[in-house]
Amino acid sequence: MSLKIQTSNVTNKNDPKSINSRVFIGNLNTAVVKKSDVETIFSKYGRVAGCSVHKGYAFVQYANERHARAAVLGENGRVLAGQTLDINMAGEPKPNRPKGLKRAATAIYSGYSFDYDYYQDYFCARLFDYRGRLSPVPVPRAVPVKRPRVTVPLVRRVKTTIPVKLFARSTAVTTGSAKIKLKSSELQTIKTELTQIKSNIDALLGRLEQIAEEQKANPDGKKKGDSSSGGGGGSSGGGGSSNVGGGSSGGSGSCSSSSRLPAPQEDTASEAGTPQGEVQTRDDGDEEGLLTHSEEELEHSQDTDAEDGALQ
């Protein structure tokens, strides 16, 4: 069986070796954490020569300075019993340590046997007594800010500027109404032009339909004319034969008459045919020109309508 050696409660030796190997444990919840718990936590870093637990803090005395510094590095900032421990070397005061703890540590080093509980109670009593004697800091009153009053000349200036703004608005309204009237008149003229163009297009389409119907009917009429001219030549030939049976003079006369009669018909047909073709080609060219002109007018009217819509 291994017996656990109890450590001493002496942690206030003034020799330099003891001071440099002593560890201060601050912000310790002494209501929950006991001396045995502190010894078990810090004994893993080296041999603990002494341990003393007080209200809110404790001291651990190591036999070697190296063990003390290892404990500070390993346990500083550890959360124990819901509180973060503030651990550092007792011989090296920390700047951010509370004033009460610093004075307690210096008081420890001043004497060999010192009652820590008495010192802590005395220090707290003096601290609260000093705070009670301090006068409260007076709170400065808020200085009321005075708002500048509106002067009369400013009001007059505002009144003088109002008619200018109204005049500018009225001029803008009149110019806008004039532009609207101009746009409406332009739209009316464009509408009338469009109606005229549509009527012209309708007339041209009707004319084209009539020409197409006439062209369809013309080939049949030409064939009928050719057949009638052929029948007339045969009849004239029969007459010539009869005249030949009657006499030579009659036969010669009939031959000459038959040979002379078709020539004027061919001339008349050719004369009649050529002007009709020329007239048809001219009519077709005129109609195509009118169609192209009407299409251009339609495109121009559409462009103007689009521009008017964008302006509106």
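Placed from the backbone N, Cα and C atoms, the Cβ positions cover glycine too.
Swiss-Prot marks one residue of LYS55, LYS165 as N6-acetyllysine, namely LYS165. Of the candidates SER18, SER241, SER254, SER301, Swiss-Prot marks one as phosphoserine, and that one is SER301. Of the listed residues (THR281, THR304), Swiss-Prot tags THR304 with phosphothreonine; the rest carry no such note in the record, though that does not show they lack it.
Averaged across the domain 'RRM' (21-92), the predicted model reaches a pLDDT of 89. In the three-state DSSP reading, LYS191 (SUMO2 cross-link) counts as helix. Taking the C-alpha positions, the distance from LYS44 (N6-acetyllysine) to LYS179 (SUMO2 cross-link) comes to 99 Å. Cα spacing between LYS179 (SUMO2 cross-link) and LYS191 (SUMO2 cross-link): 18 Å, rounded to the nearest whole number. Long-range neighbours of LYS191 (SUMO2 cross-link) (same chain, six or more residues apart, CB within less than 8 Å of its CB): none.
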